[in-house]
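Copied over from TrEMBL, here are the features:
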- 192: ATP binding site (BINDING)
- 27-139: domain 'RGS' (DOMAIN)
- 154-253: domain 'Protein kinase' (DOMAIN)
């Protein structure tokens, strides 16, 4: 079972952690979620978060619907008569955005307003967050994150496929129940085929990549016999099943 440490065990982490708004509240998924939970306790901050989410949706809206989406954003969050007027917004900037929206709804229309909103959140609200129970919970998560990962962290299940250096099996984190794919690179095979550099490159690339089209590296650890990369488990099932049991078996010549 997942068990958080007592907050007193996190004091060293509290002192050593860099107090950067964008890192703690935007880039780190757990930090982002907890900061948003903190903002939900105060209406003026909740409106800011809703505006940022609205801008993110506006930016991916199809061209033919973007103007209507922009008008809705302006009406809700930037108008004095709107239900969710966000704080600290220069009226001249709002006027300029409204005019540009009618001329042509470009993707970066709300870029400056987004920057100002983050700037507002990064001062007094961020300072209040650092003194809240939500940040204490974040520290507890970071403490858990820093604990060593071993084979005992996971339950191992069936083999999903085999490759040149070993096999891939399904695994489950004991603490959270989340499923992953564990790629086991056997040390003897790596050494025999002189694949040390290749294995290291694979790990380093997966550490850096952040794309919905590439599996993400969640954990990495080693046993006596293997190097283990714990990766996103894709919903499509294992590759071997799709190659040999769906449609015409195998690959075309």
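Just so you know, glycine gets a Cβ as well, placed from its N, Cα and C.
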### Query
Tell me which residues of the chain lie with their Cβ under 8 angstroms from that of residue 192 (ATP binding site), as long as they are six or more apart in sequence?
none
#### Entry: Tally of residues which DSSP labels helix, strand or coil - the domain 'Protein kinase' (154-253)
26 helix, 38 strand, 36 coil
### Query
Mean pLDDT, the domain 'Protein kinase' (154-253)?
85
## Note on the structure
DSSP tally for the domain 'RGS' (27-139), helix/strand/coil in that order, comes to 83 helix, 0 strand, 30 coil
